[in-house]
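Here the structure is laid out as structure tokens; the discussion comes afterwards.
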Amino acid sequence: FVPKCDPVRTEDVIRLKEFINKHHQLCVLTGAGVSTESGIPDYRSAKVGLYARSDHRPIHYKEFCASEKTRRRYWARNFVGWPRFSSFKPNITHMILKDLEYTGKIGFIITQNVDNLHSKAGCKKIIELHGTAFKVMCLNCSHKICRCEFQEILQKCNPSMVTMTQMIRPDGDVELSQEHVEHFNIPACNNCGGILKPDIVFFGDNVPHKVVQNVKTNVENSDALLILGTSLSTFSAYRIVLQAIDAKKPIAIINIGKTRADELVNLRVEGRCGDIFPKV
């Protein structure tokens, strides 16, 4: 699921190394391009992203809240896909970021990803900008439970669907028959009976204010911003670039393909993070 790109240029590696060495404490922003090398497809990459390979589109917040039919379809697909999604492992970029955090070079990692791979790698200072797929929350009382625990609850509610978890396609996508979806049982919150959703920011939803403020504080307290594997197409990510510019922080980007901030940054490196980072 990693887009094709030319080999990284030696001069780019040298410039990136100088950027990292020059700044004592980096704030790092990561996107889907960091996780594609672990086998998780992104949305927008040319030819290999989900938009390019299928007609699949992400669910919208209002649609999820308003329609029981939509929630039933979402959770049925999510249930079947969970064993594979939850089994993905960190890659070399995640591990190098963990090492840089341990040495104090990285002050905080802000990630747009909901896959928990930074935590699996051992990183501690993480802000999950768009939440995490590894928790489930109630829309009414905000009670949260672990997604793995919720999987067990879903299994008990849908015993005939358990074998379906072995039928996921190699690309991670899931297609279920209408019959499977219509008969899928969704449990309510065991605390108040409310609607349960993944603890992630759906399209059309807003990043919580306290998260936005936490990000702003960490950008301001850093020496520089390093952006990895994102086109910055969502405003929640692009806003971080604007905050860094306002705070007069140097910015470097590593990504395959154009980004929304290419004309605004101090250093732009084209390539795979997993190819570049081991050379820095």
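Just so you know, the numbers here start at 1 and follow the chain as drawn.
Glycine residues also receive a Cβ, built from the backbone N, Cα and C atoms like all the rest.
Feature annotations, courtesy of TrEMBL:
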DOMAIN    3-280  domain 'Deacetylase sirtuin-type'
ACT_SITE  H130  active site, proton acceptor
BINDING   C141, C148, C189, C192  Zn(2+) binding site
- When the pLDDT values for the domain 'Deacetylase sirtuin-type' (3-280) are averaged, what is the result? 90
- Note on the structure: Close in space but at least six residues away in sequence, with Cβ under 8 Å from that of C148 (Zn(2+) binding site), the same-chain residues are S86, F134
- Note on the structure: Across all protein chains shown, the binding-site residues C189, C192 give the max Cβ-within-10 Å count at C189
- Query: Taking H130, C141 as the recorded positions to compare, which has the smallest set of other Cβ atoms within 10 Å?
  - Reply: C141
- Message: Quick check: in three-state DSSP terms, what is C189 (Zn(2+) binding site)?
- Response: coil
